[in-house]
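Peer 1: Feature list, courtesy of Swiss-Prot:
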BINDING   SER49, GLY50, GLY52, LYS53, THR54, SER55, THR69, THR75, GLY126, HIS188, ILE225  GTP binding site
BINDING   GLY50, SER51, GLY52, LYS53, THR54, SER55, THR69, THR75, HIS188, ASP191, LEU209, ILE225  GDP binding site
COMPBIAS  1-15  compositional bias 'Basic and acidic residues'
CROSSLNK  LYS203  ubiquitin cross-link
CROSSLNK  LYS281  ubiquitin cross-link
CROSSLNK  LYS291  ubiquitin cross-link
CROSSLNK  LYS305  ubiquitin cross-link
MOD_RES   MET1  N-acetylmethionine
REGION    1-29  region 'Disordered'
Amino acid sequence: MEESDSEKTTEKENLGPRMDPPLGEPEGSLGWVLPNTAMKKKVLLMGKSGSGKTSMRSIIFANYIARDTRRLGATILDRIHSLQINSSLSTYSLVDSVGNTKTFDVEHSHVRFLGNLVLNLWDCGGQDTFMENYFTSQRDNIFRNVEVLIYVFDVESRELEKDMHYYQSCLEAILQNSPDAKIFCLVHKMDLVQEDQRDLIFKEREEDLRRLSRPLECSCFRTSIWDETLYKAWSSIVYQLIPNVQQLEMNLRNFAEIIEADEVLLFERATFLVISHYQCKEQRDAHRFEKISNIIKQFKLSCSKLAASFQSMEVRNSNFAAFIDIFTSNTYVMVVMSDPSIPSAATLINIRNARKHFEKLERVDGPKQCLLMR
């Protein structure tokens, strides 16, 4: 869609869309913008065209299930919105010093996490023309004030050398403009690799990426839209962006000890990413949190198709009891008890009593206090 010059200028200066209006407010209500108290974190999502960026983003933020991503296209912009998410596609045309017109493509999304924390997600188009412009005419604009760079690699790419070249160009721009940014590399589409080869291929790719990233450090994840690995990676990324996460974890531990729970997890309400957890002993399945995220997210989607909303769930047998319930305005909580003789009502009352305290902790500028109630 063609924009006027004034619209382009505004978009380039603001570098992001307005937030969705509250319920009851008409679309496009004047004055509904990001509040001044919001703590914005700029996140770059980059990678070559076809690497799978749009599919993974649509699953995490737009409530797609994996099989529906095959039909992604023009409908993606119709689906990638909720009470927390607003998205806009910006295509800029610039004229260089010799009169050539260049175009680049960035989709901006504002995703609200935990009260005042807002992720300003820049999904950068991966076509060669766009990539070259990011490193030349728009270098400072794209790579300035970045908190996190997420670079997605297609594990089966036939242009690995070019992929690595673009990644190194990103690192050079980050080092110059945002040297404190955290770097995440997602080796994506691992489901296409033979199962007995996955560990070896990922290890080799991880070693290459760590070597190329020096002097910066990068965290590498193997991912696929078909299993819990996608949630594992994005939970780890979001965890790095939560400003008071240590305070949150300390209070979560106190809460678990007070109610004698084996495990307590906090899920972000819209995405169901794990943002914090406490466990009193090691468990056999290291990926169980992400598996739960995936299962509950799909169950929530099934509920929405029936015009119902997911609020809580209880699973109980002779060995344990597990509760998933709305916790704060931005989170769900999961409590696992190894003593199934404890009445459900007692656990649910404890969850309810802790809500107000954790609501305060979610505020970026909230009080730094500890849970001491009994």
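Here the Cβ of each residue, glycine as well, is placed from N, Cα and C on the backbone.
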Peer 1: Spatially, which candidate from the recorded positions LYS203, ILE225, LYS281, LYS305 is nearest to GLY50 (GDP binding site), comparing Cα atoms?
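Peer 2: It is ILE225, whose Cα lies nearest.
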Peer 1: Around the Cβ of THR54 (GTP binding site), how many other Cβ atoms lie within 10 Å? Please give the count over every shown protein chain.
Peer 2: 23
Peer 1: What number of additional C-beta atoms lies within 10 angstroms of the C-beta atom of LYS291 (ubiquitin cross-link)?
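Peer 2: LYS291 (ubiquitin cross-link): 14 neighbouring Cβ atoms within 10 Å.
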Peer 1: Can you give me the Cα-Cα distance between THR69 (GTP binding site) and LYS305 (ubiquitin cross-link) in Å, rounded to a whole number?
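Peer 2: The separation of the Cα atoms works out to 17 Å.
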Peer 1: Of the recorded positions listed here (SER49, THR54, LYS281, LYS291, LYS305), which is spatially closest to LEU209 (GDP binding site) when Cα positions are compared?
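Peer 2: For LEU209 (GDP binding site), the spatially nearest of the recorded positions is SER49.
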Peer 1: Taking the Cα atoms as reference points, how far is ILE225 (GTP binding site) from LYS203 (ubiquitin cross-link) in Å?
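Peer 2: Roughly 20 Å, rounded to the nearest whole number.
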Peer 1: Say we define neighbours as other CB atoms within 10 Å of the CB. Which of the binding-site residues SER49, THR69 has the fewest?
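Peer 2: Each of the binding-site residues SER49, THR69 was scored by Cβ atoms within 10 Å; lowest is SER49.
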Peer 1: Across all chains shown, how many C-beta atoms besides its own are within 10 angstroms of the C-beta of LEU209 (GDP binding site)?
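Peer 2: Excluding its own Cβ, the number within 10 Å is 19.
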Peer 1: Per DSSP, to which secondary structure element type does HIS188 (GDP binding site) belong, with helix, strand and coil as the options?
Peer 2: strand
Peer 1: To the nearest Å, how far is the Cα of GLY52 (GTP binding site) from the Cα of HIS188 (GDP binding site)?
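Peer 2: About 7 Å separates the two Cα atoms.
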